[in-house]
Amino acid sequence: MALTILSQMSIMFAIRYHRGHVQFPVHMINWLFVTLGIGNIFGSVVFSFLAEKVGRKHTLTALGVQFGLSFFMSELSIHSAVLFISKFIAGLSVGGTYVVVPIYIGEVAEKTSRGRLIALMYPSLAIANFFVIGFLEPLGGYGLSSILNYISASVAIIATILSVTLVEESPFYYLTIGRELAAKSSLVKLRSNHSNHQMEFNEIQNKVQPDIPDIEVGEKVSTFVKYSWLKPLLLMTGILGLRSLSGLSSSNFFMTHILQSGDWDWKLIMILFSAVHLLGSFVILFIIDKYGRKLPLIVSVILMSVLYIFLFVLVLMDRHGIHNYISPYLLSAVSILSYLAVDIGVGPIPFVLLGELFPLRNKMMCAGISMALHFILTLLLPIIMIGINHSGPGPYINIIISIAVAISLVILVKYYYPETKDKSLNEIQVEINKNSPPSNNSPILTK
C-alpha cells in the first residue's frame, strides 16, 4: 500500500526536485495527476478481473512488477510522453492495489483478526506519507526526485519477491476454478492447527460454488439481486462515494486558511500534519476488532462534523477580526483533531468493508466496480468544487456540503450496513440478506 502514496508523491517530486531543473508548465502538472487518476479507474477494474482469472497471488506479483516498471520509467523521463505513460501505469497499479489487497486479506484472514489485518493498510499509507514529507523532502536539493524513484522501485522489487515467496493463494480462488484439494491445502496452511478446517471449507464451498439453476436472459437481473451482489455493491459504492465527499473540500479549505492566517512555514505545517496522521493511523488497530466497524465509523463522522462546524466558526471570527490573536493557533489545533477524527474511522474502515461486504462469488469484480466509481468521483470532485466556488456561493459552501454528506453517511451506515465484527464472510452475506425473501438466505440453491 505504501507504493500507492509513493506513486502520487513522485509526481510532486518530479515537479519540484527534478535533477535537470526542468520547469513543468501548469497544464502539464494537472494532466499528470489526471493521467494517474484515469489509471486508477481502469486499474481497479482490470486487476479485479485479472484476480478472478489468474488468482490473487499472481495478480499481487503483477502489481509489484508494474509498480517497479512505473518508477523506472519515471526516472528515465526520455520524453514527456514516457513520464505520462509511467504515471498511467502507476495509476493502474494503484487502482488494482486498492481492490486486490483488501479482498485478499479478507479471504485469507481469520474472522477474529480480519479487521485489524485489513486496517494495517492505513498505517502503511501514513508511514509512506510521513517518510516522504517528514524525512525525504526536508533534505531538499535537485535530484531528490531520482532518490524517491529508486527507493520506490526498491520497495516494489521487495514486494514482488515477498509475493512470489510468501503469499499463499486464496482458497476462495481455488474453489472458483474447481480445485478443491488445492483449496483445502491452502486453508490448512493459512489456519492454525486448532481451527476446524473442514467446517470452514464447507462454509466457503457452499457460497463459492452454489448449485445455480440455468436461467434465461430475462432472469439475469433478478438473479443478480437474488444472489445479493447488488445490495453490497450499492452499499459499498455509497460509502466510498460519501467518504470522498465528506470533509475533503473542507480539509483543503481549512488548510489553505491556516497557511494564510499567520506567519506559518508550510513545510513545517505539512510535517506536523503528516506526523499526527502517522500516529493517529495506528489507533484503528486497537479498536477495529473490539468495537466493530459501525461504531468507530459513525463516531468518526460525527466528530468530523462537529470539528468542521467549530472550524467554520473560527474562520468566520478570524476573517471578521474577532479574537484574531488566538484563532490561527486554535484553528491549527482543531484541524489536527479533525485529522485524528478521520483516522479512527472514515479513513481506514472503508478498506475493511471492501474486504468483507461482497458475496464470495465474483467479489473481486464487485469491489472493482465500486472502486472505479470511487476513483471517478475523486477525479471529478475538485473540478466540481472549483465550479461551485466560482459560481458565487463562496468558499463556505464547502463546509455546508461536507456536513450534508456526513449526515447522509451516518444514516447510510446506521440503518443499511450490517456489523461484520467476529463474523465469517458467509455469516456477513447471510446478515446482508436477512431482509430478503427466505429463499435467498439458504447457503445453497438446488435445482
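Keep in mind that glycine also has a Cβ here, set from the backbone N, Cα and C atoms.
Quick caveat, the model's predicted, so the values are computed rather than measured.
Here's what TrEMBL has on this protein:
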type	residues	note
DOMAIN	1-421	domain 'Major facilitator superfamily (MFS) profile'
TRANSMEM	28-51	transmembrane segment
TRANSMEM	88-105	transmembrane segment
TRANSMEM	117-135	transmembrane segment
TRANSMEM	147-167	transmembrane segment
TRANSMEM	229-248	transmembrane segment
TRANSMEM	268-288	transmembrane segment
TRANSMEM	295-317	transmembrane segment
TRANSMEM	329-354	transmembrane segment
TRANSMEM	366-390	transmembrane segment
TRANSMEM	396-417	transmembrane segment
Tertiary contacts of the transmembrane segment (28-51) (same chain, 6+ residues out, Cβ under 8 Å): 7-8, 11, 14-15, 58-59, 62-63, 80, 83-84, 87-100, 103-104, 173, 364-365, 367-369, 371-372, 375-376, 378-379
Best-contacting stretch, by C-beta pairs under 8 Å, relative to the transmembrane segment (366-390) and drawn from 147-167, 268-288, 329-354, 396-417: 396-417
Stretch-averaged pLDDT - the domain 'Major facilitator superfamily (MFS) profile' (1-421): 80
Outside the transmembrane segment (268-288), six or more residues from its ends: residues with CB under 8 Å to it: 115-116, 119-120, 122-123, 125-127, 129-130, 133-134, 138, 255, 258-259, 296, 332, 335-336, 339-340, 342-345, 347-349, 352
Selected stretch (most C-beta pairs under 8 A with the transmembrane segment (329-354)) from 88-105, 147-167, 229-248, 396-417: 229-248
Among 88-105, 117-135, 147-167, 229-248, stretch most in contact with the transmembrane segment (396-417) (C-beta, under 8 angstroms): 229-248
Residue numbers, six or more beyond the limits of the transmembrane segment (88-105), whose CB comes under 8 Å of its CB atoms: 1, 3-4, 7-8, 10, 35-48, 50-51, 56, 59-60, 63, 66-67, 69-71, 73-74, 114, 117-118, 121, 170, 351-352, 354-355, 358, 363-364, 367-368, 371-372, 375
Sequence-remote partners of the transmembrane segment (117-135) [C-beta within less than 8 Å, at least six residues beyond its ends]: 1-6, 9, 13, 101-102, 105-106, 109, 148, 270-271, 274-275, 277-278, 280-282, 284-285, 288, 343, 347-349, 351-352, 354-356
